[in-house]
Each structure stands twice: as C-alpha cells, then as structure tokens.
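Below is one structure, written out as structure tokens, with a few remarks after it.
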Amino acid sequence: MTQQNAPKDLPPLSAEQLDRLQAISSDLSNLQLAWASGYLWNKASHSIPIDYTASQQVITVLSASQTGNARRLAVQLYEDLLAAQLSVVIINAGDYKFKQIAQEKWLLIVTSTQGDGDPPEEAIALYKYLFSKKAPVLNNIQFAIFGLGDSSYTYFAKIGKDFDSRLAELGAQRLYDRVDADVDYQEKADIWRREIVKILQTKLVTVNAKQQLSVINNRIEVKNNLYTKEEPFTAHLVVKQKITSRSSKKDIRHLEIDIAGSGLNYQPGDALGVWYENDPVLISEILELLGLTGNELVQVKEKNIPLNEALQKHYELTNNTAEIVKSYAYITRNSSLLALVDDQQQLKQFAFSTPFIDMIQRIPVELHPKQLLTLLRPLMPRLYSIASSQAEVGDEVHLTVSVVRYEIDGKIRTGGASSYLAYRLQESEPIRVFIEHNDNFRLPNNPNTAIIMIGSGTGIAPFRGFMQQREATTAKGKNWLFFGNQHLTDDFLYQVEWQRYIKNGLLNKIDVAWSQDQNKKIYVQDRLLEKGIELWNWIQDGAHIYVCGNANLMARDVEKALVKLIAIHGRMDYEQADEFLSELRIARRFQRDTY
C-alpha cells in the first residue's frame, strides 16, 4: 500500500530541478524566500499582479521561546498581522538565518529569558552572533521587542533588554518602545499587539489574501491542539512511586498519568504542563495569620468564588518576589522591610530566602481579601520533561519529579507543584495537563545517527523517553549515556532499566558520576573530560549531543567541558572550539533542555 501511495507525495520536479531549487533556496534569507514565494506563485497564476513594493516589505516575527509562552504570543501577533492583510512570516529563532539579518526591514522579536539572565535555548546562536564582532550594521531595520520574564529572578526580562539595546547599537530603529512583562503578561501583550499592528498598517502596503506571502520552510508550525495551557485536559494519575532510597537526601517520584481519550500526542523531548493546586494546610496558615476565614467572596476571572478556592487554584503561594516584599512593606509600614525597598540587591535576596508565608509570619498584619490577592501573582502551570515515549507507553505520560523541600525557622517548606504531585495527588485522582511541544530537543531524523545523552538528577527523564523510542523503532544508532547524582546506592534513577538496555545492546556505553561517594566530588563534566578523545571521535562521526539539567549550574559546566575537550582533541583554541560547538547547535547536533 505504501508503494501505491508514494507517487502522490513526490514533487512535480525532476531530481535535477529539485537539486537546483534546494541549492538556490538554501542561500536565501527569510525575506528573500518570502519574496520568491510570492513571485513564483504569481508566475504560476498569471492572473493576479503582484505588488513588488509590498512584497519587499515583509514583516518577520521572530519567536525566541523556552517554555512556550513567547511562541504562543508570537503566533498571536502573526495571526493579527495576517488579519490586517500585511505580509508576514513567523520563524523560530533556532531556524532563523541570522547571518542574513541585515536584509530584514521590519523585525518583531518576542523573547523569553531563561533562568537568571540567559537567552532561551533556541536563541543562543542568534544572541551570540549579535554580540560578536561579526554582527553587521543594521541601519535598514525597524524593530520592536516584547520581553517575557519573571520578576522573582535578579535579571528580569534581561534578554529582551539585551536584544533591544544591541539592535539599537547596530543602527536599527525602534518601531515601538520595548515592553518587559512578568508572568501575568497577557494584558500587556494584548495592548502591544494592537499597537504594533496599528503602526505597521500606517507604514506598509496591505495586500489581499491571495497575495499574502508565506514561508513554508522555517515557519513555526501553528499546532491547534484540542487541549492547551488555557484549556487543559483532565487526566488521571495511575502510578506514583518513590525511586530514591529511604536514606537519600532527595525525594524523587516516578509518575504515570493516563491521557486516554484526550487525543494528545507527544514526542520524546516534549514537556507536560501541570496545573497544580496549593496545599490546604498552607492556605489555612496564611488565612489565620492575615485574619481571614477563607469564606470571603472574591472575583477571579469575572466569577465570584470563595477566597479559599482562589488561593488553592488561582494564585502562587510558594514563590516570593521583590515586588511582593515591596508592596507588603508599604502596607505594613514595617521599618525592616522598608529599609530593603531602596536596596534592590537586598530586596531580591530577602524575597529569594523568605517564602511569603514566613514573611507574613514574622510581620503579621490584617488584610482585606482584595489586598491579599493584589499582592499575589497568578498561579502558573509547571512544566516537566516527559520521561516516556508513546511508541512504548501509549496513552500515558511518565514524569520524574524531584520534591522541592527545605527548612526555614524550624519548619519544613515544600514547592507548590512538586509537593502536590508527590504528596497530595493520589492514584486515580484527576489532574489538569497539556502538552508543551519542544522542537528544540528532538532525536535525529536518521535513526542510524549516534546520540550522546548527558543528564544529572531528574535531567535523566527525557533520555528514558529517548531510549524507549529508539527501542520501539529499532533504531540502529549508537547510544551513550552520562549520568550524575549524589550516591550510587541511593540515587541511581531507573537503574534496572539502564542495566537492561546495556544487556540487550541498545545502550552502548554508560558513564556515571556520584558526587558524594568519595572525598573529591565528581560530576558529569569530569567524566566528559575523562572520555574526551572517544567523545571527540563520536562527534566527528556525526553524533548528536543532548544535555538536560539545571541551566545555571550543570548545563553551564557541561558546556564548558565540551568546549574544552573540543579544543584539546580538535586542536583548536578556545574561540575556535566555542565556534565549533555553536555550529553544532545551529545544525541541531547540540541540543539542551534546561530548567
């Protein structure tokens, strides 16, 4: 049957014509591709005259996303511009031909900031290029930036600020002032989108629907899933197991969630978004300290609901921020808090080290319900790397969850989402979820390609999915795992499964690092350097490299180790080795999933 259908999928070009077309298109910028698509379509139709002035005024919407929010906003902007009959292309920053950025005319960037001031994974190559000596003069570009961030971090929305200042330094003109938005960004985003469309309508020629230019290659695929972040699917927890030992300092759980009937599909490398609920015990403690009962009616999303329900399902309670501390200082007029207001560094440090509950416990005050909700940030879903492949587990999603747990003033505090999943959610109970696709962390298209997987702690999760997929599809490519954790006997996550993969030959090599099993701490980056020559040979043979772990610690150290081993065994200086790794990233041979 496959052979009968195959001819329908073949292009109406000879092999020679197809080669020539691919050769030409590979050298074109996104702007040139957009113009060419309109030109060729017009040549084929012979009926609708194309406005060459309009075709050269293509707007590029660039999405630089880490968790999906920037991508969703970029898609919304793209659809707004299409509706306004403007010529527009939308591109994932990881696919963007950034060395031809000088050919852009109208550039709109929606970017997030990863962790404490890093660019999102898909924008690293673009970011490094713009801040390098190779960056071109950009006098012909008009641009606008929307920066997403989280004010609980020191470098709030830093990458949006960096792109904005650097483009201006290179000669580009601001079309509209940069917008920096916190986690509750939607209202600001709606205003920004309207203003951008209004401005561009006054500057550019509109075209009818048939003349609108589009780019098929490098376009973001607009996925219309039945269930989304805004409209999640109600799944059910079917299995929950602790996979660290009783003596481990870590509490890590393996979860299996049933998504039967949802129609949700995912690939290894994707994440599961989880809408969690806050701890009722924590809510009761907060209400008592603030002199509230929880029965007071409050308005949330245009509905009147009890305050207790609002705190359980709609507001963030476990993460404090500098803005919350500042607002609480003004409400309480407490001298110690007011002293922090003018010292941004101390303010952020206090917020980082003092959860909201502990702040109000030390400095209690009676609040009206509306005052309390004005202080708090909206609850946002947590994303967890999926630890399974649908090719093996079908209508299930597996997660590997580490419980955030610490002590303050003699009391145990836990993370909102991790404690919900590990402690409060019971087997067979409902849980609201959605799939967050991550096209920047994908197995090679060629199943014969070797892969190198580097993870620490729960960073092993996506690699479990990778191996399930490779086994289910009988992929022939070699597989090498580097894994690190604290103790061999306590923290070897999914040990039996890795041993089975070694035994059946699917996993060709495994190197582990147990940081606290000896006097001198050993980490995965140390193992990489020990295996440097063999790793270099794998890379030379075309292997893809994957890293999953903490963005500010493990992932940075691993990248430094990779640059070092490339420099040593590739006989390069540091700058050449760093450029080599950047080229691997651009070619999708070096991919990271960091948190």
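Any Cβ shown, glycine's included, is placed from N, Cα and C.
Database features (Swiss-Prot):
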type    : residues                                          : note
DOMAIN  : 59-197                                            : domain 'Flavodoxin-like'
BINDING : 65-70, 112-115, 148-157                           : FMN binding site
DOMAIN  : 230-444                                           : domain 'FAD-binding FR-type'
BINDING : T318, F352, 382-385, 400-402, Y406, 415-418, Y595 : FAD binding site
BINDING : S515, Q516, K521, I522, Y523, V524, Q525, D557    : NADP(+) binding site
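Shown on the structure are the features that Swiss-Prot records.
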residue	record	contacts (Cβ under 8 Å, 6+ apart)
G68	FMN binding site	K229, G273, L383, E436, H437
S112	FMN binding site	A64, S65, Q66, T67, N69, A70, P120, G147, L148, G149, I159
G115	FMN binding site	Y153, A551, N552, T594, Y595
D150	FMN binding site	T113, F156, D182, V183
Y384	FAD binding site	A271, L272, V274, L399, T400, V401, A461
S402	FAD binding site	K250, D251, I252, S418, G457, T458
G415	FAD binding site	T318, V403, V404, R405
S515	NADP(+) binding site	G484, N485, Q486, K521, I522, Y523
Q516	NADP(+) binding site	Q486, H487
D557	NADP(+) binding site	Y523, Q525
Integer Cα-Cα distance in angstrom, R382 (FAD binding site) to V524 (NADP(+) binding site): 26
DSSP helix/strand/coil residue counts for the domain 'Flavodoxin-like' (59-197): 58 helix, 31 strand, 50 coil
Least surrounded among the binding-site residues, given as F156, Y595, when other CB atoms within 10 Å are counted: Y595
Max pairwise CA distance, angstrom, over record-listed NADP(+) binders S515, Q516, K521, I522, Y523, V524, Q525, D557: 18
Secondary-structure category, per DSSP, in which D557 (NADP(+) binding site) falls: helix
C-alpha spacing of A417 (FAD binding site) relative to V524 (NADP(+) binding site), in angstrom: 28
Mean of the pLDDT scores, which run from 0 to 100, over the domain 'FAD-binding FR-type' (230-444): 96
Same-chain residues at least 6 apart in sequence whose Cβ lies under 8 Å from A417 (FAD binding site): V274, Y276, R382
For Q525 (NADP(+) binding site), the three-state class that DSSP assigns: helix
All-chain count of other Cβ atoms within 10 Å of Q525 (NADP(+) binding site): 24
Which listed residue (R382, K521) has most other Cβ within 10 Å, given these are binding-site residues: R382
Which of S65, T318, T400, the listed binding-site residues, has fewest other Cβ atoms within 10 Å: T318
